[in-house]
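Novice: Pasting the relevant annotations from TrEMBL:
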type     : residues : note
REGION   : 489-510  : region 'Disordered'
TRANSMEM : 21-40    : transmembrane segment
TRANSMEM : 52-74    : transmembrane segment
TRANSMEM : 81-99    : transmembrane segment
TRANSMEM : 105-126  : transmembrane segment
TRANSMEM : 138-159  : transmembrane segment
TRANSMEM : 214-235  : transmembrane segment
TRANSMEM : 298-318  : transmembrane segment
TRANSMEM : 340-358  : transmembrane segment
TRANSMEM : 370-389  : transmembrane segment
TRANSMEM : 395-417  : transmembrane segment
TRANSMEM : 429-451  : transmembrane segment
TRANSMEM : 457-480  : transmembrane segment
Amino acid sequence: MWWDERVSARFRRNLQPTLTYWSVFFSFGLCIAFLGPTLLDLRCQTQSSLSQITWVFFSQQFCLLLGSCLGGVFKRTLSQSLFALFASSLAISLVFAIIPLCHNVVVLAVVMAVAGLAMGCIDTISNMQLVKIYQKDSAIFLQALHFFVGFGALLSPLIADPFLSDTNCILSNSTANASSNLPHIRKSLVPHHPGNLSHYDLPMKGMVVTRVSYAFWIMALINLPVPIAVFFLLYKERMVPCFNGSSYPLLSADELAMEPRPAEKDDISTAAQRPQAAGGHDDLFSCCQSKNFRGASYAYFAVHITGALVLFMTDGIVGEYSGFVYSYAVEEPLLVVHKVAGYLPSLFWGFITLGRLISIPVSYRMKPATMVFINVVGVLITFLLLLIFSHSVVFLFVGTASLGLFLSSTFPSMLAYTEDILQYKGCATTVLVTGAGIGEMVLQLLVGSIIHDQGSYSFLVCGMIFGGLAFTFYAFLLFFHRMYPKPSSDIDDASPDKPAVTDDTGQYQR
């Protein structure tokens, strides 16, 4: 294997929980990407206007952000985390099954809000648990985790595509005129920017003809093994109420013999009581309690804030670029054919997924800090070249692929780097996940308004500004890393086989 025996042994020891968290993130990706392609058919199903149906995007994204903030509540014990993941992944399957039965846009928005809450919990808990299990070795496993998001996000539109309507799915006297605009409208749907297509006139009354229900039922079946996998993990851990007998350790006798002795654990727990280790991994609201701030240095807060701001910008770029690159391409000066421009979002997400796959082995050989530096510099240079060659259709495609590659590993690398700085305490995972979610929602709304007022060229200018800000915040993070107090014990530096400062016995903490 291309990693060392220590990491390999740790992976084998935690194989089932690791695969379970990866599968749950596949469920997350499956749910996050289906709404754009299917929105017109859902408009027909609910017989609503375009401006009304696009609010469903906002409902999902806002509740995803809320779920990310609240996800840490369920992370206090392993049983709470696993029950939350089980409920969330099962809720996503139920949402897929229920969506075809929603014939009112308000009901559909409520159902998508439930899906958003489930996705937010999955996002926070899965990242937290992998960081807790692997700690200094977590970068490679976080890269794999986020690959499964991309894989799910690529799969769900492919499942939906055969069932999408080729013509307007509400038959009326204006069907012929409306149908000619349908491919353009479908590709122009921008998440979280309601009303951007209100100038298109589509019929709202008439006979509904759509087969999109089959796509959702197929996705519900594909996702069903995920909650089953979480249930099996609960069963193995003796956490199912009907099978809550005596709990057995996850490690074998030989592996237990390699664990730290009680004296060592006492030393470790003593070292873990430093003031800057405020609070541990908690939900966002627990992190903000004043008792967690006592004795913490200013660098402790600065690392949290600058790390979140980097992801605010980079995840915001992912959202605004995937949402508006089609609209930018079909307008002046490029005037790309609608069908050709429709490949740009797919190309962008395809290279994000490819980049995450490549990052799995790369992250083992390269430090997270170096990967983040390459990512933010690459994003900045790509936007600069896109501005210079703004009249080139070919370079738009090249730049889109390049941007996807550079953005692909930013989140997991930044999460691993920030957690490493804070010695796996603080609230880095919750703060970073929340910052990324806010950035994705806010920057799309901001860029949508700017493009509406200033024209399509401002799309690249905004990306350049956001990329520059991400680089600036990363430079501040490096500075605060140097200022952050070093651990009083050299346990981590002395030997990679010794445990980290926190409770890291290679097994779950109940």
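Placement of Cβ uses the backbone N, Cα and C atoms for every residue, glycine included.
Because TrEMBL annotations are produced automatically, they should be read as predictions rather than curated entries.
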Novice: Are there 3 or more C-beta pairs under 8 Å linking the transmembrane segment (21-40) with the transmembrane segment (370-389), counting only pairs at least 6 apart in sequence?
Specialist: no
Novice: Cβ under 8 Å to the transmembrane segment (138-159), counting only same-chain residues 6 or more beyond its ends: which ones?
Specialist: 3, 7, 11, 18, 21-23, 25-34, 36-37, 126-127, 130-131, 215, 218-219, 222, 346, 349-350, 352-353, 356-357, 359-364, 368, 371, 408-409, 411-413, 415-416, 419
Novice: Flag the pair the transmembrane segment (214-235) / the transmembrane segment (52-74) as in contact if three or more Cβ pairs fall under 8 Å (sequence separation 6 or more).
Specialist: no
Novice: Near the transmembrane segment (457-480), which same-chain residues lie under 8 Å Cβ to Cβ, leaving out any that are not at least 6 residues past its ends?
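Specialist: Same-chain contacts beyond the ends: 299, 302-303, 306-307, 309-310, 313-314, 316-317, 320-321, 324-325, 327-328, 369, 372-373, 376-377, 379-380, 382-384, 386-387, 390, 418, 443, 446-447, 450-451.
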Novice: State the residues, same chain only, that lie 6 or more residues beyond the ends of the transmembrane segment (81-99) and have a CB under 8 A from a CB inside it; answer 'none' if no residue qualifies.
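Specialist: Residues 20-21, 24, 27-28, 30-31, 42, 71, 74-75, 108, 111-112, 114-115, 117-119, 121-122, 125-126, 128-129, 213, 216-217, 219-220, 223-224, 226-227, 230-231, 233-234, 237, 239 contact the transmembrane segment (81-99) from elsewhere in the chain.
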Novice: Most CB pairs under 8 Å with the transmembrane segment (395-417): which of 52-74, 298-318, 429-451?
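Specialist: Stretch with maximum Cβ contacts: 298-318.
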